[in-house]
Each structure stands twice: as C-alpha cells, then as structure tokens.
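Database features (TrEMBL):
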type	residues	note
SIGNAL	1-22	signal peptide
DOMAIN	13-179	domain 'Reelin'
DOMAIN	216-331	domain 'DOMON'
DOMAIN	335-534	domain 'Cytochrome b561'
TRANSMEM	375-395	transmembrane segment
TRANSMEM	416-435	transmembrane segment
TRANSMEM	447-466	transmembrane segment
TRANSMEM	487-508	transmembrane segment
TRANSMEM	514-531	transmembrane segment
TRANSMEM	569-589	transmembrane segment
Amino acid sequence: MAVSGFTVGTCILLLHISYVANYPNGKVTQSCHGMIPEHGHSPQSVPVHDISVSQMTFRPGDQIEVTLSGHPFKGFLLEARNAENLNGPPVGSFTLIDSEVSQLLTCEDIQGSAVSHRSASKKTEVKVYWNAPSSAPNHTRFLVTVVEKYKIYWVKIPGPIISQPNAFPFTTPKATIVPLPTLPPASHLTKPFSASDCGNKKFCIRSPLNCDPEKEASCVFLSFTRDDHSVMVEMSGPSKGYLSFALSHDQWMGDDDAYLCIHEDQTVYIQPSHLTGRSHPVMDSRDTLEDMAWRLVDGVMQCSFRRNITLPGVKNRFDLNTSYYIFLADGAANDGRIYKHSQQPLITYEKYDVTDSPKNIGGSHSVLLLKVHGALMFVAWMTTVSIGVLVARFFKPVWSKAFFLGEAAWFQVHRMLMFTATALTCIAFVLPFIYRGGWSRRAGYHPYLGCIVMTLAVLQPLLAVFRPPLHDPRRQMFNWTHWSMGTAARIIAVAAMFLGMDLPGLNLPDSRKTYAMIGFVAWHVGTEIVLEVHAYRLSRKVEILDDDRIQILQSFTAAETEGHAFKKAVLAIYVCGNVTFLIVFLSAINHL
C-alpha cells in the first residue's frame, strides 16, 4: 500500500471550555495585544462584569487596588492602557493579592503588565494591585476580557479612567472606540455535494475511494475547484461534532493551515485555524473566507467556502498553488468546544497541489512505518517465536538426527526461527522512533513493554552463544534461565501487542481485533496443552511397557512412531492456524 503521510494529531486535540478551555492555566500571552479569544464566536455586546478601583487619581509609584467582579466566570485578561490610545502597549505592572486565583503575564516585554486566571475554576471576584510607573500617561484606563464559557465572552470591557492630579480633564477620542468583531454570514446549501466532476473539474479526496456524498451518507469527501484567483472548497462527512482538514508542508504536525466546520445549536460554524506543534488548533479570523455555506441532514455535515489562492500578508494561511500533504479528521464538539478526533486522520499518500490538474485520490488512516512495525511484530511473535518454542519443547525426539554442522535438526530449526524473530524485532523496534523522531509520550505503556521485549529478544541469542555442553553442571542453570527469559519475553510481547492494537497510529478496525488476539493466545496455549497431555500419555505408555518387562521392540517403536506422527500433525495444524491469524491481522493493517 502506498505511503500515507505521517499522522497528524493535526486535526485537533482537546479543547476545553473556554478561552480558558484552550488555556486552562491562563498562559495567554499571545492574546495580549488584541485581548480577543480565538474561539470563532461573536463576543457579547452588553457587559455583565465591572472593574472598580480604590482611587481615581494617582502619582507615579502609587499602588492602586483593582477589582474585577460580576457573574461567575472562568477566565480573564486584565490590562491597563493609555486612555488616549487603547490600542497601545500596556501601562505599568500588577502585583497579585491571591496567587491561587490569578497570575502575572509578560506582555509587550513588560513583566507583570497583565493579569490572567490561573485555572478554569469559576470566579466571581478577583483583586490585584496596579503599580503606576514613572512614565505613566496622564490618563490610564483598565480593560478586561472575560470568558464565561467557550462561546460566551466579552472583549475589552472598559473600566474606570484614573488620572494624574495635574492632568487636563479627559475627553474620549472617537478613535478609541473599538468595534466588536462580527462574523461573516453563512448561507444554507440546498443539496448535497456531488462527486460527478471529480478528476474532471474538481480535485477530490474521498474515503472510501470513489464514494459519492450525494448517494452515500458514510462518504468522507473533500474537493477543491479552482476559479481564476480563488478555490471553492467542499467538505462532507458523517459527523455530529466537527469535520476538519489541514494542509501540511511535511509529514508531521506543526505550522499547518487547518479549517474546521463545527456543529453547534443546529448551525455549522466554518473556522480557519493554524497548528503550532503538537497542540490544539488556534482559531483565526474568518475574514479570509467568502461564500460560506453549510447543510445538516441525517447526521451528515456539509460545508463549503471560497478563499483566494494567495493571501499576501495574511499570517498562517498557505498559498494554495503549492503541494501539501492533506489531512482529514472528525470528532466530537459540545458547546462550541472541540475534542480530539474520533479516529486517526485520513492522510493523503503524498503531497498534492490542489490548484493543479484535477485528480481523484484517496488516503490512509494509518502510517506506513507503523504498519510495517505492527506487521513485523506480528510475524515475529505470532509465527517464528511461537513455532520455535513448540519445536524446542516437543520435537527433540522427533527431529533428533544431526542435520547441519553436526547439530540436531530440531535445534537448527529452533535457532533459525529465533534468530529470525530477533532480527524482525530489531527492525520493527526502530521504526516507531524514526516515525516519532524520538520517544512517544502518547503511547501509554506500549513503548515501555516494547523496550523490555527488545532487550530480552537480544539477550536470548547472546545467552545461547555461551550455552554450556550437554553434561556440564551449569547446563541446568542455563536451561532454566533461557526458558525464563524466553517465557517472559513472550508474555510481555503479547501484552505489548494487545496495547499496540488500540493505539491510533495503527488504527486497527473495531473491537474484533481484540477477540482475534485472544483467539490466537487461546490457540497457542491450547496447542501446548494438547502436546503436553500427549507427551505425558506417551511417557506413561512407555513406563507401563517397561514395568511389565515386556521387551517388545516392535511395540515401543510403534508407540514412538505414532507419537511422532501425532506431533507432526498437530504442528502442521498449528502452523496453518497461526498463518490464518497472521493473515487476518496483516489484512487489517494493509487495508487501513
């Protein structure tokens, strides 16, 4: 299967309840200048919170108590500015009264020039001290942005104006009136999108490949139609929360141009955003989008918009006449906030220029390196190791003749299988590190167990190199050590595979994979039990022949021959079963 791009946690990690939701710890220095939460909703127009001060006049060096109060709120950003230039830099600095509720921020390189929340807990009052600087303007005004929840917030609520004693009376300049931002209107789509022009007029990405959103509700669809200087984007798919796509220069998350369609209150909000590192998307202004429209029918969300191919001077928006990896994701949304995508994003196999000749392409929900990692581990521990263990445990008398370099055939088979397993494990082990570029902190216990398995897999053949001769007193200690380490490696490997199957990077389909893995474990354990019972019964039969002193060579040979034939039949059935389980898993991996 062709290479799918690297997984982007791109389209959308967890956002909580407010601007606070984006930043529950209040680290909002990137919003210092505009004081506008990047939520994609219109701010409230009538303030319900107040700012009060302990005195209305001040001199440089004075400390004035400032109080923010009102309806319960979760987040805030408080600054003092020159009353004659409210768009200018902050003035003075603050001192905290309750450091458990609020914290200082450094805005415009001025330490402590703003105050924000420390957590998303509800508050009704916050008190701080404002320290008047030596270079303070004649008139200073306090401004505050307050967030009640994600879609309910107020921007730059004006507080009282405090003045120096000898200053002329303050008059409000018209230029300081800050209009509240409004959202561009969106219309309703009257019919579903069609795939009839895909590859002809439209550049289309579809999953399943060649599905039609006009006829199939489960079709995930993204199209780009170029005009002279702009591109019309259409996105459709089953989702009750949000749909999103992102353009990425590389195969890893960071500095990506993303677009979201968010379902809320029977309305779809179309929101551009950008991604920085492995974090939530930061919502941007919608001014760059035109002709926005949406439709909600039978659980299917559809949205469309137009944007110019190039947007000179607009930060975070990519030129569309360049090749990018394209990611498609969906997830849950509630009260305007979005959550991590419900499954691994669909990723195109290579970079594409959506303004070039129209194409009809698909993508993958998994990553080639992780597919190979999973496939190699399944081959190593579901076939080579398990078969090699059975050969060493039960087939010594069956294949006891010397085969190569004077070694018994069973040993040669066992050694070949185990060295193969070690080689496959080593190759598979490095692939996730290549993919992640280092250690993954989002994979739970799986990588830790993988490191243990890797260590034991390498130690086993190294230990075997120093195997004592057959009748050496240390041979028994070697046998127990070799068996213990091998058994531990198999148990931990199975646990690692169980955990790895649930990781989004591999994205194996539904819960049946777990039952299939349980079936494999039961199959292997059952085969060992059958062979153990057979070996015990055969040994008892030989003991009875010996106890009765019936020295009939033909009877003993017949029993031994019968036992060997049974073991070979069981091994053949076991190998066929293992191959069947392996094909099931490899097919699931390959079709992602």
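Glycine is no exception: its Cβ is also placed from the backbone N, Cα and C atoms.
Between the transmembrane segment (375-395) and the transmembrane segment (447-466) there are fewer than 3 Cβ pairs closer than 8 Å, counting only residues 6 or more apart in sequence, so the two stretches are not in contact. Residues of the same chain lying 6 or more positions beyond the ends of the transmembrane segment (447-466) and with a Cβ under 8 Å from any Cβ of it are 415, 418-419, 421-422, 425-426, 429, 432, 439-440, 478, 481-482, 485-486, 488-489, 492-493, 495-496, 499-500. Residues 7, 343-344, 365-367, 370-371, 373-374, 377-378, 381, 385-386, 389, 432, 435, 443-446, 449-450, 452-453, 456-457, 460, 514, 517, 521, 585, 588-589, 592 of the same chain sit 6 or more residues outside the transmembrane segment (487-508) yet have a Cβ under 8 Å from a Cβ within it. Secondary structure counts, DSSP: the domain 'DOMON' (216-331) has 3 helix, 68 strand, 45 coil.
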